[in-house]
Amino acid sequence: CHYDLYVQLQPVSADINSNDLAELEEELRIPTGISTIAPPPLNAAIFMYSSTCGTLWTTEETPFLRGTKSEIYETKAIHFAVFSLIIGCIQVWLTIHQIDYALTPSSITKVSYWSICLQTLIDAYTLVFVLSFALISAHLFLPFVAAAFFTFTLASICEMRYLLIIWKVQQPESGGPVLNEGQITGTLYLHISAMFLAGLTLIYIAADAVTVFQTTLLRIMLTVLFSFWIPQIIRNAQRGSSHALSPRYLWGITATRLAYPLYALGCSESIFADQAPYPEVFHLVAYLGLQIGVLTLQDYLGPRFFLPARLIPPTYNYHPLLPPLDPEAAAGNDPSDGAARDCAI
């Protein structure tokens, strides 16, 4: 269809002085830090008509289409880049802390490979997302490249190295052939790349789909990616182990992982806000809160506290009570034979 489009910007309020408006425009172009009036809303009425298809679309009645001036948008984008940089720094520090916390093979065997793998996928998507913003404008290139550097460091150096260590320590559990470090590295990168490209393919397909499909896919992907503590819960229960993760890492990573969806989907003034905030984002907060709640309880109540007793296999007691006649029992007089025994230690 061929469309003719007519756009009319709505006038600002009559209470706004033209000199104040000119001062605001100048400050937006060349920031000096002076105090100005608040930017008035940018509204427009649209009339779109197709003579070939006989369709008409208009916004002559309220609500009008709303927009943001490019200068204001770029300022908000730079603030988001600084926000991403700070989040990346914190996540790198927390990951290094966790690597130091679980450094021995006995500690690494408690950590779930898939919990770290899902977080690496989140960071890979975040890296692509941040770099995409760097290409929008020359003013945004350096701030977003700086933010992307820390995300790249986190995903490709810290987390991939940690995944390699976890795989090397835990590979005897699989019962398969033992791989050398080069084979493990190649297989690891193949797994991550395959899952990453599969997710990008779904996003590409959803880009041209109807809104209902896009929303459904967004919910499914967020639910899957933000289930990264569930594999750790399962591993704790299977192995009967606990304290695999540092509490600082557990709570800190959870908070920083939630920062992006809370900003993008829960903040009406974010750079992505083309509609009202999604209330479902707070369901995501509750979902992750439930996961770290279970992990914390596993550390204090036992890794299998939520399982019925009939489902828990019996475990070997490494400290059984010794019978009275056992030579290694405590010292004392045995009433059955009247002999006195001394403790050997």
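In case you wondered, yes, glycine gets a Cβ from its N, Cα and C as well.
Automated prediction, rather than curation, is the source of TrEMBL annotations.
Positions annotated as domain 'SWEET-like' by TrEMBL: 73-311.
Taken from TrEMBL, the feature transmembrane segment covers 77-96 (among others).
Positions annotated as transmembrane segment by TrEMBL: 116-138 (among others). Below 8 angstroms of C-beta separation, residues 74, 77, 80-81, 84, 91, 144-145, 147-148, 151-152, 154-155, 159-160, 162-163, 166, 191-192, 195-196, 199-200, 224-228, 231, 253, 257, 260 of the same chain, each at least six residues beyond the ends of the transmembrane segment (116-138), sit close to that stretch.
The transmembrane segment feature in TrEMBL is assigned to 144-167 (among others).
Listed as Cβ neighbours of the transmembrane segment (188-206) (distance under 8 Å, sequence separation of 6 or more from its ends, same chain) are residues 117, 120-121, 124-125, 128, 160, 163-164, 167, 213-214, 217-218, 221. According to TrEMBL, the transmembrane segment annotation covers 188-206 (among others).
Taken from TrEMBL, the feature transmembrane segment covers 212-230 (among others).
Residues of the same chain lying 6 or more positions beyond the ends of the transmembrane segment (212-230) and with a Cβ under 8 Å from any Cβ of it are 114-115, 118-119, 121-122, 125, 199, 202-203, 206, 250, 254, 257, 261, 280, 284, 287-288, 291-292, 294-295.
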